[in-house]
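Here is what TrEMBL says about this protein:
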{"type": "DISULFID", "residues": "227-290", "note": "disulfide bond"}
{"type": "DISULFID", "residues": "256-321", "note": "disulfide bond"}
{"type": "DISULFID", "residues": "260-323", "note": "disulfide bond"}
{"type": "DOMAIN", "residues": "209-324", "note": "domain 'TGF-beta family profile'"}
{"type": "SIGNAL", "residues": "1-17", "note": "signal peptide"}
């Protein structure tokens, strides 16, 4: 499913510039007034394809910078979708996920799956009120290590986030500590959206035609002896020890294998003569091979330093086979 997929990097901005394989939002962020208990970050998805069915995955990434002045060694941070409702009794937010962080520790990226939230934003633009990053319980103190709650003791958000808390990050630096200041300021919150191109959303007529043509190049069974397309899934980390590819985690590469008998339906005379020669001269070394015929590219997302990149690798997915 990952081949022919378009990946987009969305920064919390408004204007958009389009390139061949990604959209980059470049305006500065406009956060709400700071609260000691939460942060709010918004994303403009109006320039993204309106049909939410094209969205495969949405990932929210935010960089936690170290806070040497933090009064706690660990803290549970929760991510919410902000909701809009005229009913005062209705909930104002929807829980998405949480992470336990160490505010004083070395900075690190936090990643949260927000696919369903972004799908809702794409389908109903008026519901896009942003994401809320909050402590577990502002009216009390939650201790993750013991899973206990200390009542009547307000807990402030001790974690600091690049691109949102830049002023606080500068204020809380240890004396004489200047290294990394620019690095934190460039690690802004962003979304990584993985979308199917619109040409993959076909009409029923096109789908039926594709089903008929796919019958020729579909994955064959294990019992098939002839040359045909075989299924092969490659996990980049497990199978290749490739840790540099961020998305996808793996893909269906497929491969070709099987016998190449004499066939009059061969695509050229040479491919017809060679198996016949091999059949008449079984001791001869010349014999046709089952090889890929149609290949498709694979789009990957990776990071070069702290910069996200999208690249299309050609001829990565085998779609059909032939004897040659």
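Note: Cβ is positioned from N, Cα and C throughout, glycine not excepted.
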### Cβ-Cβ neighbours of residue 227 (disulfide bond) (radius 10 Å)
23
### Query
Per residue, counting other C-beta atoms within 10 angstroms of the C-beta, which of the disulfide-bonded residues 256, 260, 321 reaches the highest number?
321
### Message
Cα-Cα, whole number of Å: residue 290 (disulfide bond) versus residue 323 (disulfide bond)?
### Response
5
#### Entry: Assigned element (helix, strand, coil) containing residue 323 (disulfide bond), judged by DSSP
strand
### Query
What average pLDDT does the predicted model assign to the domain 'TGF-beta family profile' (209-324)?
77
### Neighbour count (Cβ, 10 Å) for residue 323 (disulfide bond)
24
### Message
Tell me the Cα distance separating residue 227 (disulfide bond) from residue 256 (disulfide bond), rounded to the nearest angstrom.
### Response
7
### Query
What is the number of other Cβ atoms found within 10 Å of the Cβ of residue 290 (disulfide bond)?
20
## Note on the structure
residue 260 (disulfide bond) to residue 321 (disulfide bond), Cα to Cα, whole Å, comes out at 11
### Query
In whole Å, how far is residue 227 (disulfide bond) from residue 321 (disulfide bond) when you measure between their Cα atoms?
7
